[in-house]
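Annotated features in TrEMBL:
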type	residues	note
SITE	R26	site 'Transition state stabilizer'
SITE	K33	site 'Transition state stabilizer'
SITE	R174	site 'Positions MEP for the nucleophilic attack'
SITE	K227	site 'Positions MEP for the nucleophilic attack'
Amino acid sequence: MSDDSRPSPSGTPVAAVIPAAGRGVRLGPGAPKALRALNGTPMLIHAVRAMAASRAVSLVVVVAPPDGTAEVKTLLDAHALPERTDFLVVAGGDSRQVSVKYGLDALPPGIDIVLVHDAARPLVPVDTVDAVIEAVRDGAPAVVPALPLADTVKQVEPASVPGTPEPVVGTPERARLRAVQTPQGFDRDTLVRAHDTVTDDVTDDASMVERLGERVVVVPGHEEAFKVTRPLDLVLAEAVLARRRANDGF
Ligand SMILES: Nc1ccn([C@@H]2O[C@H](COP(=O)(O)OP(=O)(O)OP(=O)(O)O)[C@@H](O)[C@H]2O)c(=O)n1
Ligand SMILES: C[C@](O)(CO)[C@H](O)COP(=O)(O)O
(Lines of atoms letter the chains of each structure in order from A; the text may use other names.)
(Lines give C-alpha, C1' and ligand atoms only; values in the text may rest on other atoms or scores of the structure.)
(Ligands and ions follow the chains in the order given, each with its own letter.)
Protein backbone atom coordinates (compact mmCIF):
# COMPACT_ATOMS: atom_id res chain seq x y z
CA MET A 1 0.00 0.00 0.00
CA SER A 2 2.57 2.61 1.01
CA ASP A 3 5.21 3.54 -1.53
CA ASP A 4 8.46 3.51 0.41
CA SER A 5 10.33 4.95 -2.57
CA ARG A 6 8.48 8.24 -2.06
CA PRO A 7 10.75 10.83 -0.40
CA SER A 8 9.84 11.61 3.20
CA PRO A 9 8.47 15.18 3.36
CA SER A 10 10.63 17.31 5.60
CA GLY A 11 9.21 19.09 8.62
CA THR A 12 7.61 18.41 11.94
CA PRO A 13 6.00 15.05 12.72
CA VAL A 14 2.37 14.65 11.81
CA ALA A 15 -0.24 12.55 13.62
CA ALA A 16 -3.54 11.38 12.19
CA VAL A 17 -6.61 11.03 14.43
CA ILE A 18 -9.18 8.66 12.93
CA PRO A 19 -12.65 8.93 14.46
CA ALA A 20 -14.08 5.43 14.03
CA ALA A 21 -16.56 5.23 16.89
CA GLY A 22 -19.78 5.76 14.91
CA ARG A 23 -22.45 3.09 14.57
CA GLY A 24 -23.23 3.65 10.88
CA VAL A 25 -26.97 3.97 11.31
CA ARG A 26 -27.46 5.19 7.72
CA LEU A 27 -25.61 2.13 6.42
CA GLY A 28 -28.12 -0.15 8.10
CA PRO A 29 -27.97 -2.86 10.75
CA GLY A 30 -24.70 -4.66 11.42
CA ALA A 31 -21.32 -4.14 13.04
CA PRO A 32 -20.09 -0.57 13.71
CA LYS A 33 -19.44 0.94 10.27
CA ALA A 34 -15.65 1.18 10.60
CA LEU A 35 -15.42 -2.55 11.29
CA ARG A 36 -17.42 -3.62 8.24
CA ALA A 37 -15.46 -5.20 5.41
CA LEU A 38 -14.53 -3.73 2.07
CA ASN A 39 -13.02 -6.33 -0.21
CA GLY A 40 -12.54 -8.56 2.87
CA THR A 41 -10.67 -5.94 4.92
CA PRO A 42 -12.29 -3.73 7.59
CA MET A 43 -13.00 -0.20 6.41
CA LEU A 44 -10.95 1.10 9.34
CA ILE A 45 -7.83 -0.77 8.16
CA HIS A 46 -8.18 0.82 4.71
CA ALA A 47 -8.42 4.23 6.40
CA VAL A 48 -5.42 3.56 8.65
CA ARG A 49 -3.36 2.46 5.64
CA ALA A 50 -4.42 5.58 3.76
CA MET A 51 -2.99 7.76 6.57
CA ALA A 52 0.13 5.64 7.12
CA ALA A 53 0.81 5.76 3.37
CA SER A 54 1.98 9.33 3.89
CA ARG A 55 5.62 9.24 4.95
CA ALA A 56 4.99 12.40 6.98
CA VAL A 57 2.58 10.61 9.32
CA SER A 58 4.45 9.10 12.27
CA LEU A 59 1.47 8.31 14.53
CA VAL A 60 -2.09 7.17 13.91
CA VAL A 61 -4.61 7.46 16.77
CA VAL A 62 -7.71 5.34 16.18
CA VAL A 63 -10.80 6.41 18.14
CA ALA A 64 -12.71 3.15 18.49
CA PRO A 65 -16.28 2.34 19.50
CA PRO A 66 -16.25 2.42 23.33
CA ASP A 67 -17.05 -1.30 23.49
CA GLY A 68 -14.62 -2.12 20.65
CA THR A 69 -11.15 -0.96 21.69
CA ALA A 70 -9.83 -4.50 22.24
CA GLU A 71 -11.22 -5.62 18.88
CA VAL A 72 -9.61 -2.65 17.11
CA LYS A 73 -6.23 -3.34 18.75
CA THR A 74 -6.47 -6.95 17.59
CA LEU A 75 -7.34 -5.81 14.06
CA LEU A 76 -4.35 -3.45 13.91
CA ASP A 77 -2.07 -6.27 15.09
CA ALA A 78 -3.51 -8.66 12.52
CA HIS A 79 -3.02 -6.49 9.45
CA ALA A 80 0.24 -5.50 7.79
CA LEU A 81 0.89 -1.82 8.52
CA PRO A 82 4.03 0.27 7.94
CA GLU A 83 6.62 -0.29 10.70
CA ARG A 84 7.67 3.35 10.67
CA THR A 85 4.22 4.37 11.96
CA ASP A 86 3.08 4.12 15.61
CA PHE A 87 -0.51 3.30 16.50
CA LEU A 88 -2.68 4.13 19.50
CA VAL A 89 -6.28 3.13 20.20
CA VAL A 90 -8.60 5.14 22.46
CA ALA A 91 -12.32 4.89 23.17
CA GLY A 92 -14.69 7.29 21.42
CA GLY A 93 -17.68 9.28 22.62
CA ASP A 94 -21.31 10.00 21.77
CA SER A 95 -20.59 12.30 18.82
CA ARG A 96 -17.88 12.65 16.20
CA GLN A 97 -16.82 15.93 17.84
CA VAL A 98 -16.31 14.23 21.22
CA SER A 99 -14.52 11.29 19.62
CA VAL A 100 -12.06 13.63 17.91
CA LYS A 101 -11.47 15.42 21.24
CA TYR A 102 -10.61 12.11 22.91
CA GLY A 103 -8.17 11.40 20.07
CA LEU A 104 -6.54 14.81 20.50
CA ASP A 105 -6.23 14.24 24.24
CA ALA A 106 -4.16 11.10 23.54
CA LEU A 107 -1.54 12.84 21.38
CA PRO A 108 1.97 12.88 22.86
CA PRO A 109 4.18 16.00 22.90
CA GLY A 110 6.23 16.71 19.80
CA ILE A 111 3.39 16.49 17.29
CA ASP A 112 2.75 19.89 15.69
CA ILE A 113 0.40 18.99 12.86
CA VAL A 114 -2.76 16.91 13.24
CA LEU A 115 -4.89 15.34 10.54
CA VAL A 116 -8.45 14.33 11.39
CA HIS A 117 -9.69 11.65 9.03
CA ASP A 118 -13.01 9.77 8.99
CA ALA A 119 -12.69 6.00 9.10
CA ALA A 120 -15.70 6.25 6.79
CA ARG A 121 -13.46 7.69 4.01
CA PRO A 122 -11.29 4.60 3.54
CA LEU A 123 -10.07 5.26 0.00
CA VAL A 124 -8.54 8.74 0.13
CA PRO A 125 -5.39 8.76 -2.06
CA VAL A 126 -2.05 9.55 -0.44
CA ASP A 127 -1.51 12.54 -2.74
CA THR A 128 -4.54 14.21 -1.16
CA VAL A 129 -3.19 13.47 2.34
CA ASP A 130 0.19 14.95 1.41
CA ALA A 131 -1.40 18.03 -0.18
CA VAL A 132 -3.24 18.78 3.06
CA ILE A 133 -0.06 18.35 5.12
CA GLU A 134 1.91 20.57 2.77
CA ALA A 135 -0.64 23.38 3.02
CA VAL A 136 -0.48 23.26 6.85
CA ARG A 137 3.32 23.27 6.69
CA ASP A 138 3.07 26.31 4.42
CA GLY A 139 1.37 28.18 7.26
CA ALA A 140 -2.39 27.63 7.06
CA PRO A 141 -3.79 26.86 10.55
CA ALA A 142 -6.55 24.71 9.02
CA VAL A 143 -6.80 22.99 5.63
CA VAL A 144 -9.71 21.10 4.12
CA PRO A 145 -9.76 19.02 0.94
CA ALA A 146 -12.90 19.74 -1.04
CA LEU A 147 -14.59 19.32 -4.41
CA PRO A 148 -16.96 21.53 -6.41
CA LEU A 149 -20.59 20.38 -6.32
CA ALA A 150 -22.33 18.57 -9.17
CA ASP A 151 -25.83 19.26 -7.84
CA THR A 152 -27.54 22.60 -7.27
CA VAL A 153 -28.16 23.17 -3.55
CA LYS A 154 -31.36 24.65 -2.11
CA GLN A 155 -31.86 26.09 1.36
CA VAL A 156 -35.20 25.08 2.88
CA GLU A 157 -37.31 25.85 5.91
CA PRO A 158 -38.88 23.03 7.90
CA ALA A 159 -42.31 22.11 6.56
CA SER A 160 -45.08 23.86 8.50
CA VAL A 161 -46.98 20.55 8.64
CA PRO A 162 -44.78 17.43 9.03
CA GLY A 163 -44.87 15.26 5.92
CA THR A 164 -45.74 18.13 3.55
CA PRO A 165 -43.22 19.67 1.07
CA GLU A 166 -40.50 21.92 2.54
CA PRO A 167 -40.51 25.54 1.29
CA VAL A 168 -37.34 26.61 -0.57
CA VAL A 169 -35.97 29.90 0.74
CA GLY A 170 -32.80 30.25 -1.29
CA THR A 171 -30.30 28.90 -3.81
CA PRO A 172 -26.66 29.57 -2.86
CA GLU A 173 -24.35 30.30 -5.82
CA ARG A 174 -23.04 26.83 -6.64
CA ALA A 175 -19.71 28.02 -8.03
CA ARG A 176 -18.75 29.25 -4.54
CA LEU A 177 -19.75 26.07 -2.70
CA ARG A 178 -17.46 23.12 -1.96
CA ALA A 179 -18.17 19.63 -0.63
CA VAL A 180 -15.66 19.11 2.14
CA GLN A 181 -13.82 15.84 2.76
CA THR A 182 -11.17 14.56 5.13
CA PRO A 183 -8.36 14.39 6.13
CA GLN A 184 -8.62 17.92 7.44
CA GLY A 185 -5.23 19.22 8.58
CA PHE A 186 -4.48 21.56 11.45
CA ASP A 187 -1.83 23.29 13.39
CA ARG A 188 -2.17 21.24 16.57
CA ASP A 189 -2.47 24.17 19.01
CA THR A 190 -5.20 25.76 16.89
CA LEU A 191 -7.26 22.56 16.75
CA VAL A 192 -6.88 21.90 20.48
CA ARG A 193 -7.95 25.49 21.21
CA ALA A 194 -10.97 25.05 18.95
CA HIS A 195 -12.04 21.86 20.72
CA ASP A 196 -11.48 23.50 24.13
CA THR A 197 -13.46 26.63 23.19
CA VAL A 198 -16.26 25.84 20.76
CA THR A 199 -19.32 24.24 22.31
CA ASP A 200 -21.73 24.39 19.31
CA ASP A 201 -22.58 21.13 17.58
CA VAL A 202 -20.64 21.05 14.32
CA THR A 203 -20.24 18.50 11.54
CA ASP A 204 -16.54 19.02 10.88
CA ASP A 205 -13.45 20.19 12.73
CA ALA A 206 -12.61 23.05 10.38
CA SER A 207 -15.87 24.80 11.25
CA MET A 208 -14.70 24.94 14.88
CA VAL A 209 -11.54 26.71 13.74
CA GLU A 210 -13.69 29.07 11.63
CA ARG A 211 -15.57 29.99 14.82
CA LEU A 212 -12.25 31.02 16.38
CA GLY A 213 -11.82 33.48 13.50
CA GLU A 214 -8.76 31.64 12.23
CA ARG A 215 -8.00 31.14 8.54
CA VAL A 216 -9.27 27.94 6.93
CA VAL A 217 -8.26 27.15 3.35
CA VAL A 218 -9.31 24.59 0.77
CA VAL A 219 -7.08 22.33 -1.33
CA PRO A 220 -8.38 20.02 -4.07
CA GLY A 221 -10.10 16.91 -2.74
CA HIS A 222 -10.50 13.65 -4.63
CA GLU A 223 -13.58 11.79 -5.83
CA GLU A 224 -12.24 8.57 -4.24
CA ALA A 225 -12.23 10.29 -0.82
CA PHE A 226 -16.02 10.00 -0.66
CA LYS A 227 -17.66 9.07 2.66
CA VAL A 228 -19.22 5.62 2.99
CA THR A 229 -22.55 6.64 4.47
CA ARG A 230 -25.36 4.69 2.76
CA PRO A 231 -25.51 1.18 1.25
CA LEU A 232 -24.85 2.40 -2.31
CA ASP A 233 -21.53 3.87 -1.13
CA LEU A 234 -20.34 0.35 -0.28
CA VAL A 235 -20.98 -0.69 -3.88
CA LEU A 236 -18.96 2.29 -5.12
CA ALA A 237 -16.11 1.57 -2.68
CA GLU A 238 -15.88 -2.06 -3.82
CA ALA A 239 -15.83 -0.85 -7.44
CA VAL A 240 -13.01 1.60 -6.72
CA LEU A 241 -10.97 -1.16 -5.07
CA ALA A 242 -11.62 -3.50 -8.02
CA ARG A 243 -10.42 -0.77 -10.41
CA ARG A 244 -7.28 -0.23 -8.33
CA ARG A 245 -6.57 -3.98 -8.33
CA ALA A 246 -7.03 -4.12 -12.10
CA ASN A 247 -4.84 -1.04 -12.66
CA ASP A 248 -1.90 -1.68 -10.37
CA GLY A 249 -2.36 -4.91 -8.50
CA PHE A 250 -3.25 -3.14 -5.22
N1 LIG B 1 -19.79 9.11 18.05
C2 LIG B 1 -19.13 9.08 16.91
C3 LIG B 1 -19.78 9.27 15.66
C4 LIG B 1 -19.04 9.20 14.48
N5 LIG B 1 -17.71 8.95 14.54
C6 LIG B 1 -16.94 8.80 13.32
O7 LIG B 1 -17.02 9.94 12.51
C8 LIG B 1 -16.85 9.59 11.15
C9 LIG B 1 -17.89 10.28 10.26
O10 LIG B 1 -19.18 9.97 10.75
P11 LIG B 1 -20.33 9.27 9.92
O12 LIG B 1 -19.91 8.92 8.58
O13 LIG B 1 -21.53 10.09 10.10
O14 LIG B 1 -20.43 7.89 10.72
P15 LIG B 1 -21.56 7.40 11.68
O16 LIG B 1 -21.82 8.39 12.76
O17 LIG B 1 -21.11 6.05 12.07
O18 LIG B 1 -22.82 7.30 10.68
P19 LIG B 1 -24.35 7.43 11.00
O20 LIG B 1 -24.60 8.90 11.25
O21 LIG B 1 -25.00 6.92 9.77
O22 LIG B 1 -24.63 6.58 12.22
C23 LIG B 1 -16.96 8.07 11.05
O24 LIG B 1 -15.68 7.54 10.75
C25 LIG B 1 -17.46 7.67 12.42
O26 LIG B 1 -16.97 6.42 12.87
C27 LIG B 1 -17.08 8.78 15.77
O28 LIG B 1 -15.88 8.54 15.82
N29 LIG B 1 -17.80 8.86 16.93
C1 LIG C 1 -16.24 15.61 8.48
C2 LIG C 1 -17.09 15.34 7.26
O3 LIG C 1 -16.71 14.11 6.68
C4 LIG C 1 -16.80 16.44 6.24
O5 LIG C 1 -17.60 16.28 5.12
C6 LIG C 1 -18.56 15.31 7.55
O7 LIG C 1 -19.02 16.56 7.96
C8 LIG C 1 -18.93 14.22 8.57
O9 LIG C 1 -20.31 14.30 8.77
P10 LIG C 1 -21.19 13.19 9.53
O11 LIG C 1 -22.31 13.97 10.12
O12 LIG C 1 -20.31 12.58 10.55
O13 LIG C 1 -21.68 12.28 8.46
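Counting begins at 1 with the first residue displayed.
Including glycine, each Cβ sits where the backbone N, Cα and C put it.
Unlike curated entries, TrEMBL annotations are predicted automatically.
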Cα-to-Cα gap, K227 (site 'Positions MEP for the nucleophilic attack') vs K33 (site 'Transition state stabilizer'), nearest whole Å: 11
Reduced DSSP assignment, K33 (site 'Transition state stabilizer'): helix
Those recorded sites in R26, K33, R174 whose CB falls under 6 A of ligand 2, listed in sequence order: none
Distance [Cα-Cα, Å, rounded] between R26 (site 'Transition state stabilizer') and K33 (site 'Transition state stabilizer'): 9
Cβ neighbours within the same chain of K33 (site 'Transition state stabilizer') - under 8 Å, at least six residues apart: G22, R23, G24, L27, M43, A119, A120, V228
Neighbouring C-beta atoms (10 Å sphere around the C-beta of K227 (site 'Positions MEP for the nucleophilic attack')): 14
R26 (site 'Transition state stabilizer') CB neighbourhood, other CB atoms within 10 A: 13
